[in-house]
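Q: Feature annotation from TrEMBL assigns domain 'DUF1595' to B:151-214. According to TrEMBL, the feature domain 'DUF1592' maps to B:228-355. Among the features that TrEMBL reports, domain 'DUF1588' is placed at B:373-470. The domain 'DUF1585' feature in TrEMBL is assigned to B:488-557. Residues or ranges marked as signal peptide by TrEMBL: B:1-35.
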Amino acid sequence: MITRRRVLRGLFGVTVALPFLETFAPRRAAAGTGDVPPFAIFMRQANGVAQQVGDEPEMFWPSATGPLTAESMAADADRAVSELKDYASRLIMVRGVRFAFQGNGCGHSGGGNQCLTAAQVSEDPAGNESLAMGESIDNRIATELNPAGVEPLTLYAGRMAGYINEVLSYRGPKQLRAAERDPYKAYQKLFGLAEVDAAAAEALAARRASVNDLVREQMQALMRRKDLSKGDRERLQLHFDSIRDLEVGLACALPPERVAEMEAISPNVGSYDNVETVTRMQMDIIALAMACGATRAATLQVGDGNDSTEYTIHGVRQKSFHKISHRIDGDGEVGPPIEGAQELHHQIDRIHARMFKHLLDRLSSYDLGSGTLLDRGVAVWLNDLADKYHAYSRVPYILAGGAAGYLKTGQFIDERITVNKLLNTIGAAVGCTNGQGGPLDDFGDESLEGGLVDTIIA
Amino acid sequence: MISPACRLTAFPRWRRLFGAQLSVAALLISGCTGAVGDPREGEGDGVIPGGPTGPEVAERSMFPRLTHAQWENTVRDLLRLDDRPGLSASFTSDPLGGVFDNNEAALLVAPGLWGDYQRAAEELAAMVTADQGKLDRIAPADLPDAPEARAQAFVERFGERAFRRPLTAEERDAYVALFQRGEELFEGEDPFAAGVRAAIEAFLQSPHFVYRVEIGAGPAEGGLIPLGGYEIATKLAYTLWNTMPSDELLEAAKAGELSSREAVRAYAGGMLEDQRAREVVGAFHRQLYDYEQYHDLNKDQALYPEFVPEMGDDMQREAELFVDHVVFDEEGGLTDLLTARTAFVNDHLAAVYGVEGDFSDEFKRVELDEAERSGLLTRLGFLAAKATARQPDSIHRGVFVNLRILCAALPPPPDNATSLPPGELATNRERVEAHTGKGTCGASCHGVLINPAGFAFEHYDAIGKYRTTDNGAPVDSADVYTLGGQPRSYADAVEFSQLLAESSEAHACYAQRWIEFSHGRGVRAEDRALVEELGEASRGGASTKELIVRIVSSTPFLARVPAEAP
């Protein structure tokens, strides 16, 4: 049963016997409707998709807009999204999303800056080091809906090659949040729990309170200084706000053999060959985190800023995805063509579709009695670029799950939408509000016209 | 003193240029160069003088956070452990902040890392106090017997090392109070051990431990706030050793021995003789040359049967041994790094270099063929990492030289990259040139900056092996690159490396990188004069160690500017 058994975080990182709450085929009635509040999960693919552009034919979207059914999607078997046909009735595919702002010297960086923020791209730093000038939607959801100090879960799969690494989650302007790329570490931080008896809990609480009080006083003394720069003031404030008393966690766990697999892969999480495996492990953690109510928002970035992963297709390790996405054997503007690059890109889109399906499978495996976990929240497969030209319009966003009935699922729409409206809609669906208490409709840069995407609201 | 007119016009542009990469062209802007006077020797008293002009010191944080590597080293030294505890391997990692891992802008304490610090502090405090031997090592030998005096003496002396300065009376009282609650917080433990345990938990979570706090000593003099002796000791230790100051250095601070530029120079020179300095110099070059990229390479086994996956480690080791040898054994600098032929190879690498002799998995010092190899840019790691499975990647080789070695500003490629139909061209160079060279849409950048630098390396195939033909045609590695405002031609990478080693641009870039690394921040407009000065010194033969000593005894290192009003 998925309950909120509050236990203490493991003493000294030691994990003792955990209550068995989760298996890989859990199909049992558990907590009632409303027990799991709506949540949002974002999986980012890089480098655009192989959709119709220039002289290339459509290989990504369904052949027709309108209702999505298992039959219609099966008939579109040559399209990448057909991998998701089992979930046709739970999907909302949105073609036509555009980013509002120009990048600042690097398309990848500028796309990553905007895809979850709808914010402007920084002028300084510029190029591939540019940053978003506002918070991301996962941060907004966590700030507004999580208990104080509980951050959005920020995960990553693949190599960090050092050109552009994590791009998704922002605390605020230029405040990029680090992403965890090792599932074992992510798991231990969230669920490395131990059952502690009441007396031990009390002792731990007292100890931590004493230390925290002392540290808080030191922080406050520093923050009282008149000669702090704005940056230092923010730095200290973030640190101060991060101090929390008695860390409580939730007694949730994956089966020990799954955790052992995570531990085994831990030294090689950056290897190209492990990207898909690590992605699936991170999804297992995200699904468990949502089931346990550990956070209301999570992001998972697959590959670095301009994903250079050498995916294995038909048993052969290919050239870097970035080069394939440009159709040339080069990361710059020109280079020798890669034979069959569009088809390879299409296959990489399918790999991402299958990974996303794994997330949907995991969410669906938690049966809440009145539906599955997938129905309670919304999972989003997005890109930070549109296509092989790395354009900022027609950026793919594919939503799954209706956020407890807020969203109207089972449809493919083609509307020209600025990304802030879609982010408003997702935020509103999980419970975020604007300054007046109404549904969130003003997220992102203040120069943008606010509002929601009415077509996808139930 | 920089002339106001120049500053007014040049400043915003400089900020932008420095924000991305120091532009080669910008270095040549006249009027702003060479006008800043000599460092103001001998002014003021006590600490390093400020002087009449502040603008050459860039603003920086008063709270640069320890990097995870610094945290590991500091905990080892503070707790007098034999090894780094290794706990930071599970810490939340930091986002990229440029070339190096120590950019203060990226180093924040967010909830995830705060929790990591808390857990680590608890584990370490428990570990140290559970073991009498470990406890004895951190407890001063002559502690008084009376419990209260004993607690106070421990707190004062451990605290001075944890905070890298003496505690204030208020701080001491707060820690003594916590120490005395130890008995109650850790019921059943020995009272002294319990007190130490509580105190260590709190010391390791203090902002004065996790940040290298630089408040400065006293009010601004002439626009600058000089750092105090303890702050200088701390900054020297983290810059040169990547860890907390040694007992000796703290003693020097206490005795006021770090109060002149010459004294700092002397201490820095001595500290560079230590093994810990070798680690730091190694880390600088590891990040600058991006050894990380030497791993997980995919090479066509049919074409390159001698390439094995373990060569990633081998190539990194070779680069590390080479840099260490040049900088420490030879007291060399950038010129040697770009031109020396000494190499350290094992059997895997010797086979690719074509070095004759008996080799095993041990690394052996050899001299490479002077017609084929020069410094780091002609070594396997760089060449194999900048190559595809079958071909040299001339463009990325060229981009690397422009960005990392010359600090040239390259505009990014446009988003709408296009491919050209395959031609009937024989060599790698011909293919790349046909797509990017003169007469193509990529001519402006590729034609004059990227391709000429990249083509210099055409003699090295996809694993870095020397070749004289490509697809049956003779290799052409000759080209022209503009250095010092003059077009310079070269026949191959050996000559190109020599030209780089003679250029102002490469030396200024190397100096710039060291300034960034030493300060833990991006280079700013205010750094320009020092970049030029050190660049010219390096070009004139100053060693890497000399550059480091000059940076840590410069005014920007020893003083800070007051924060801009928020």
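In case you wondered, yes, glycine gets a Cβ from its N, Cα and C as well.
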Q: Summarise the domain 'DUF1592' (B:228-355) as counts of helix, strand and coil residues per DSSP.
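A: Per DSSP, the residues of the domain 'DUF1592' (B:228-355) fall into 82 helix, 4 strand, 42 coil.
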Q: Across the domain 'DUF1588' (B:373-470), what does the pLDDT come to on average, as a whole number?
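A: So the average pLDDT across the domain 'DUF1588' (B:373-470) works out to 81.
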Q: Going by DSSP, how much of the domain 'DUF1585' (B:488-557) is helix, how much is strand and how much is coil, in residues?
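A: The counts are 53 helix, 3 strand, 14 coil.
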Q: I'd like the per-state residue tally for the domain 'DUF1595' (B:151-214) from DSSP, helix first, then strand, then coil.
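A: Going through the domain 'DUF1595' (B:151-214) residue by residue, I get 48 helix, 1 strand, 15 coil.
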